[in-house]
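TrEMBL has this to say about the protein:
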- 42: L-glutamate binding site (BINDING)
- 76, 77, 102, 152, 172, 195, 237, 238: pyridoxal 5'-phosphate binding site (BINDING)
- 5-348: domain 'Aminotransferase class V' (DOMAIN)
- 196: N6-(pyridoxal phosphate)lysine (MOD_RES)
Ligand code: PMP
C-alpha cells in the first residue's frame with residue numbers, strides 16, 4: 001500500500017490510523033455482526049458512540065455545558081442560511097466582516113433574510129489583509145457579528161478573536177477548527193463543515209450557546225431550526241452516522257496526539273517552514289500580510305505561470321497531490337491540515353526547491 005501526500009483543501013486528508021481502524025471495523029463493528037453504517041441511529045451502540053464523539057470534542061475544545069453541540073448535514077453553506085434564520089430577528093440587522101470568498105458567500109446568503117451591514121472589508125487589498133478592528137463600522141444592536149477566521153481560498157487567517165462585547169460572535173471555522181486552541185466562551189456560535197479537520201464530507205458541526213436557541217420564527221423549517229436539533233440530540237432525522245463515527249475516530253486520534261495544543265505546535269512549525277521557504281525564493285511568492293497567513297491553507301504562485309501545468313504534473317508524479325489553487329484565484333495551494341504530516345511539508349519543500357533549480 002502506498003499513500004501519497006494529499007494537500008487537498010477539502011475533502012481533505014484523514015489520518016491513516018483512522019482509516020485503518022475504520023477498515024478493520026468495517027464489516028463487523030465490535031462483534032455486532034454488521035457495520036456501523038448498517039445500524040439504526042437509535043441503536044444503543046450508535047447512541048453511545050455518538051455521545052462519546054461529542055464528549056471527546058467537548059474535551060478537545062473545552063466546550064462547556066452552556067453550549068449545545070450539533071452534528072448536522074448540509075455543509076457549512078447551509079449554515080450561511082441557518083445562522084440568520086435562527087439568530088436574526090424581525091427588523092434586526094447583523095454585522096459581517098468580508099475577508100474573502102467564503103465571507104462573501106455568507107454575506108450574500110444572509111442578505112436574503114434581513115439587513116446586513118458589512119462592517120469592514122479587505123477587498124481593496126484583494127483579501128491579503130484582515131481589516132484592523134479599530135476600523136470596523138459596527139451597527140448598534142446587531143443581532144450578531146459574523147466572520148470567517150480562516151479563508152480557505154485566500155489563505156488568510158485572523159491573528160486575533162474579535163472583541164464584540166455583548167454581541168454574539170459567529171465564526172465559520174470550517175478550515176481552522178481543531179488546528180489550535182480557541183476560547184469557545186468568546187463565541188455565540190461556531191460552525192464548520194467536517195471535510196477538512198474533522199472527518200469526511202456530509203457532516204457539519206455547530207457549537208451554539210444555549211441562550212441563542214429558540215429564536216427562530218415559526219416559519220423556519222424544522223430541519224433548519226437549531227432548537228429542534230438540540231432538543232433531539234441531533235437525531236431529529238437520520239444523522240450522517242458514518243461521518244459521525246469517523247469524526248469520533250478523528251477526535252480520539254487528536255487526543256492521542258496530545259490534543260489541539262500539540263497540534264498547534266506542529267501546525268505552526270509546518271506553516272512557518274513552508275512560508276519561510278517561499279519567502280526566501282524569488283521563484284515562488286505568497287501575497288498575504290505576514291501576521292495573517294493561514295496555518296492551514298498556503299496559497300502560492302510561480303513567478304512564471306506558464307510553468308504551472310508542469311509544476312502540478314511533476315508534483316503529482318512525486319506523490320504530492322491536489323496542489324492546484326482554487327479556480328477563482330489560480331496558482332497553487334497547499335492545504336496542510338492536522339492530518340497532513342510534517343514529512344509531507346518537508347517533501348513538498350524539497351520538490352519545490354528541485355523544481356526551482358530545474359526551471360529557475
Ligand atoms: N466556509 C469555508 C471557510 C470553507 O472553506 C468552505 C468549503 N471549502 C465552506 C464554507 C463551504 O462548505 P461546504 O462545502 O461544506 O458547504
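Keep in mind that glycine also has a Cβ here, set from the backbone N, Cα and C atoms.
If you measure from the Cα atom of residue 196 (N6-(pyridoxal phosphate)lysine) to that of residue 152 (pyridoxal 5'-phosphate binding site), you get 10 Å. If you count neighbouring Cβ atoms within 10 Å for each of the recorded positions 42, 196, the highest count belongs to 196.
Proximity of residue 172 (pyridoxal 5'-phosphate binding site) to non-local residues of its own chain (separation of 6 or more, Cβ distance below 8 Å) is seen for 76, 79, 102, 103, 106, 146, 147, 148, 149, 191, 192, given in sequence order. Candidate binding-site residues: 42, 76, 77, 102, 152, 172. Those with a Cβ under 6 Å from ligand 1, in sequence order, are 76, 77, 102, 152, 172. Within the set of binding-site residues (152, 237), the lowest number of other Cβ atoms found within 10 Å of a Cβ is recorded at 237. Counting in whole angstrom, residue 238 (pyridoxal 5'-phosphate binding site) lies 9 from the residue listed as 'L-glutamate binding site' by their C-alpha atoms.
Here the Cα atom of residue 152 (pyridoxal 5'-phosphate binding site) is found 36 Å from that of the residue listed as 'L-glutamate binding site'. Ranking the binding-site residues 195, 238 by C-beta neighbours within 10 Å puts 195 at the top.
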